[in-house]
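According to TrEMBL, the feature domain 'Pyrroline-5-carboxylate reductase catalytic N-terminal' maps to 5-99. Residues annotated as NADP(+) binding site in TrEMBL: 9, 10, 11, 12, 13, 14. Here TrEMBL flags 57 as NADPH binding site. Sequence annotations record features per position, and here TrEMBL assigns domain 'Pyrroline-5-carboxylate reductase dimerisation' to 162-266.
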Ligand SMILES: NC(=O)C1=CN([C@@H]2O[C@H](COP(=O)(O)OP(=O)(O)OC[C@H]3O[C@@H](n4cnc5c(N)ncnc54)[C@H](O)[C@@H]3O)[C@@H](O)[C@H]2O)C=CC1
Ligand SMILES: O=C(O)[C@@H]1CCC=N1
């Protein structure tokens with residue numbers, strides 16, 4: 001398959017992660033363009049990745065096979081209404097915005113091929129994971145284009161119901177932040193236990209990395225891996241019992257529900 005030409009509308013954090021991942025995978029800079037209303041963002045992304053940038057969204061999408069809407073949900077309507085007259089029938093629209101439904105995008109852009117997806121920031125290291133959903137107008141070739149884009153930066157998993165995007169947002173879209181929070185908390189606790197801060201940070205980070213790598217490579221599930229670390233009446237058991245006595249699993253469920261609920265709420269608030 002030839003490399004699709006990709007235009008990013010909005011050159012912020014997530015666009016930078018995706019563009020960085022695509023460039024690291026070998027996508028030529030000439031196949032990628034980006035627009036942003038901020039001159040600083042345009043200069044930064046063009047300096048970092050050697051891509052052409054535009055102040056005009058309409059100019060940026062000219063000649064693109066795939067248009068990636070990578071702006072905040074709050075400006076999606078305004079941007080789509082401005083772009084609607086400029087998008088060609090053959091151009092695939094990929095939205096990465098949390099909480100903006102295909103129906104809203106079609107209201108603003110007209111009926112067209114749309115893939116909604118939810119990536120995450122480790123895309124920058126090509127270690128991302130995304131959930132993707134395509135509407136009925138997306139052709140098999142366009143599905144492949146979207147998959148090619150997201151799988152350049154990590155694992156891409158198709159969903160068969162759009163509502164599942166809310167759950168993907170809660171688990172993996174926002175998920176890196178939960179692990180960062182745990183890393184922050186473990187580092188601080190290690191320091192309080194008497195370690196130099198840098199040592200506590202390195203121990204925490206490499207434990208997180210090792211545990212994730214082990215879980216991905218393992219043919220047994222996480223609960224069995226946890227059991228193998230947990231000696232009867234040992235140190236791990238003392239920690240796990242403390243987590244569970246204070247409702248760790250219920251808290252995680254509550255937090256993910258809040259994220260999924262917020263995703264659905266954004267769709268209601270911003271989708272009109
Ligand atoms: N940050 C994350 O971890 C993830 C974010 N997302 C989604 O990605 C989208 C972008 O998020 P971030 O990159 O974090 O936001 P960001 O604020 O870093 O980037 C958005 C960019 O859009 C630009 N912009 C604003 N109005 C514009 C307009 N009218 N025309 C062109 N550019 C405009 C801003 O100047 C900014 O550079 C959001 O919809 C978010 O829901 C999805 C998955 C993960
Ligand atoms: O916090 C947010 O709304 C976005 C979507 C997923 C990650 N960041």
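Any Cβ shown, glycine's included, is placed from N, Cα and C.
Locations of recorded TrEMBL features on the structure.
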residue: 9; record: NADP(+) binding site; contacts (Cβ under 8 Å, 6+ apart): 34, 35, 57, 60, 61, 67, 68, 69, 70, 71, 79, 83
residue: 10; record: NADP(+) binding site; contacts (Cβ under 8 Å, 6+ apart): 34, 35, 36, 69, 70, 71, 72, 79
residue: 11; record: NADP(+) binding site; contacts (Cβ under 8 Å, 6+ apart): 19, 34, 35, 36, 38, 41, 42, 44, 45, 53, 70
residue: 12; record: NADP(+) binding site; contacts (Cβ under 8 Å, 6+ apart): 36, 41, 70, 71, 72
residue: 13; record: NADP(+) binding site; contacts (Cβ under 8 Å, 6+ apart): 121
residue: 14; record: NADP(+) binding site; contacts (Cβ under 8 Å, 6+ apart): 70, 96, 119, 121, 123
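Each of 8, 15, 16, 34, 36, 41, 70, 71 belongs to the same chain as 9, 10, 11, 12, 13, 14, is absent from that list, and has a C-beta within 8 angstroms of the C-beta centroid marking the NADP(+) site. Mean pLDDT across the domain 'Pyrroline-5-carboxylate reductase catalytic N-terminal' (5-99) comes to 95 in this model. For residue 57 (NADPH binding site), the count of additional Cβ atoms within 10 Å of its Cβ stands at 23 [all protein chains shown]. Across the domain 'Pyrroline-5-carboxylate reductase dimerisation' (162-266), DSSP classifies residues as 87 helix, 0 strand, 18 coil.
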